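Peer 1: Residues annotated as domain 'Fatty acid desaturase N-terminal' in TrEMBL: 25-64. As annotated by TrEMBL, domain 'Fatty acid desaturase' applies to 85-345. According to TrEMBL, the feature transmembrane segment maps to 55-74, 86-105, 117-137, 177-196, 225-243, 249-272.
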């Protein structure tokens, strides 16, 4: 799948990592996608069924271990300790299951194996277990990758222009308002996106990931949306049977808490990948695929980078080559940095600080006054 060898490219200046807020270039890059690909070792594009499954087995084994400890030992703890034990379980189990979510995400990109059917079976099972409509998300997410950075056609965290923001936004642009907005976003953002396309691109009618006949999908995709819905319903039925057998409180503690953490991390990761003061967005007069794919940012989540299979700190490479398996993405990222130069964006700001800063600074987008490139939009927060 990959091409070998190194390639000479026009000299580009390396962007200072000490200044992550400096705007990335928005002009057409002095390199092509083929040049970036040639800089990556060929084996990085090779997918291994055994290696991919090893991550599934490892993640599920760790998840089962946490489940076993919680359900067999927590009830023996003195009362005050159990109040701390369960929230701790929710967080660590949620982190592990986020890794499982990422593997299913790889299946949706055909990055799990060389066999599309196998990828879809594994992805459907893993995502249905997390109440995610696999094929529904797969197709909308594919369109996100095809239109990243486009104000008209991108599918997720599409920023509004100043004229399109709600009247109450200026009243939320303060610490209590930001805290409320972030709380709602990280708790309800994922189900609201799936059910009502909140933060997605506008359609001319109601858009829902569970609707096979909605505007998100083409005719050839509709049958698989039914399969996705059946997978989610099967997951819900399994939870219903567990609630009858074990009780609703048991299901909420063992499954519901970690699922909230998974959903929160999913929204957090996606938000920080595509929301940054240095990143441009483009309208149809300026947008092209390569510049859009480069309008993303790698972040540092510390030890969670590995737990999340490096979806956090190799996102730029992922947008350029989405069928590359995650276990080669770090090597590929290192290889493409010299080629991308100032077009590569990394921000090592601690996540909690970055979330607050982006929520404060990135309210809407607008073009710079006096600029010839009126189709290039930057984040702003001035009302």
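Backbone N, Cα and C define each Cβ position, glycine as well.
Tell me about the setting of these features in this model.
Peer 2: Across the domain 'Fatty acid desaturase N-terminal' (25-64), DSSP assigns 26 helix, 0 strand, 14 coil.
The list of residues near the transmembrane segment (55-74) in space but at least 6 beyond its ends in sequence, with Cβ under 8 angstroms from a Cβ of it, reads 82, 85-86, 89, 92-93, 96-97, 99-100, 103, 122, 126, 253-254, 309, 326-327.
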Peer 1: Report the listed stretch (177-196, 225-243, 249-272) having the maximum count of Cβ pairs within less than 8 Å of the transmembrane segment (117-137).
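Peer 2: Answer, by Cβ pair count: 225-243.
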